[in-house]
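Here's the structure we're looking at; comments come further down.
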Amino acid sequence: MLGQQQQQQLYSSAALLTGERSRLLSCYVQDYLECVESLPHDMQRNVSVLRELDNKYQETLKEIDDVYEKYKKEDDSNQKKRLQQHLQRALINSQELGDEKIQIVTQMLELVENRARQMELHSQCFQDPAESERASDKSKMDSSQPERSSRRPRRQRTSESRDLCHMTNGIDDCDDQPPKEKRSKSAKKKKRSKAKQEREASPVEFAIDPNEPTYCLCNQVSYGEMIGCDNEQCPIEWFHFSCVSLTYKPKGKWYCPKCRGDNEKTMDKSTEKTKKERRAR
């Protein structure tokens with residue numbers, strides 16, 4: 001008799017659990033359908049706004065080209081000044097449109113991420129208790145760590161005069177400032193050469209043999225890229241690129257700071273004279 005009562009209790013408990021899971025499943029499906037149905041409309045609205053901004057941006061670029069062509073052909077100084085101001089306003093407008101496009105794309109990305117996160121939270125209701133507990137612990141650990149922002153930073157607005165010089169590239173008032181493209185290329189080269197020098201200037205990372213010969217002005221072992229002095233009697237012979245301020249091997253002859261004359265392509269006269277005397281003997 002007792003066994004039958006226990007079985008009935010188990011059956012009723014199982015029925016309650018099944019009913020609860022069915023209710024949760026029904027809620028999940030309903031939320032999922034609402035999310036899936038509304039997401040395309042929200043994305044389409046953002047895409048439409050993005051397309052409108054892009055059309056305005058293309059029109060502004062065309063306006064910039066037209067005004068710049070007129071500026072190059074204009075001889076009157078007053079008219080050139082008016083065209084320059086017109087060009088300046090168009091450049092500012094183009095940058096603002098670009099910033100708005102970036103903001104719309106960021107909103108679209110956040111919209112998709114929020115919907116995915118919402119569905120993931122709902123799906124945890126159907127996991128086993130042990131799995132649900134592990135997922136909860138994992139989410140707590142993730143929340144305790146510094147959160148990485150997925151938001152793309154807005155581009156900083158530069159000054160109007162720098163924007164103008166960046167696009168016109170030949171206007172009288174901005175001739176002393178190099179074009180942005182050239183500045184960016186120069187900055188990239190400097191960054192690459194600096195990183196390369198930092199890598200070459202750190203021989204500590206290598207396992208150094210105490211009996212290994214040393215070179216260069218720094219009296220360190222051979223590592224990284226090195227260049228040889230063209231003076232046959234040079235006491236040091238080899239030099240690290242970073243120690244002699246080189247980023248690439250120069251063409252022709254090269255002399256180290258101890259052996260060079262007026263420049264790195266010529267040898268010191270006193271050193272050359274001593275060399276000739278030795279040959280005469």
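Cβ atoms are placed via backbone N, Cα and C, with glycine included.
Feature annotations, reproduced from Swiss-Prot:
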COILED    49-101  coiled coil
COMPBIAS  131-141  compositional bias 'Basic and acidic residues'
SITE      TYR215  site 'Histone H3K4me3 binding'
BINDING   CYS216, CYS218, HIS240, CYS243  Zn(2+) 1 binding site
SITE      MET226  site 'Histone H3K4me3 binding'
SITE      ASP230  site 'Histone H3K4me3 binding'
SITE      TRP238  site 'Histone H3K4me3 binding'
COMPBIAS  261-275  compositional bias 'Basic and acidic residues'
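For ASP230 (site 'Histone H3K4me3 binding'), the nearest of the recorded positions by C-alpha distance turns out to be TRP238; the candidates were TYR215, CYS218, TRP238, HIS240. DSSP classifies CYS218 (Zn(2+) 1 binding site) as coil under the three-state reduction. ASP230 (site 'Histone H3K4me3 binding') falls outside any helix or strand according to DSSP and counts as coil. Mean pLDDT, taken over the coiled coil (49-101), works out to 91 on the 0 to 100 scale. Counting every protein chain shown, the number of other Cβ atoms lying within 10 Å of the Cβ of CYS218 (Zn(2+) 1 binding site) is 13.
When Cβ atoms from all protein chains are considered, those within 10 Å of CYS243 (Zn(2+) 1 binding site) total 20, not counting its own. When Cβ atoms from all protein chains are considered, those within 10 Å of TRP238 (site 'Histone H3K4me3 binding') total 15, not counting its own.
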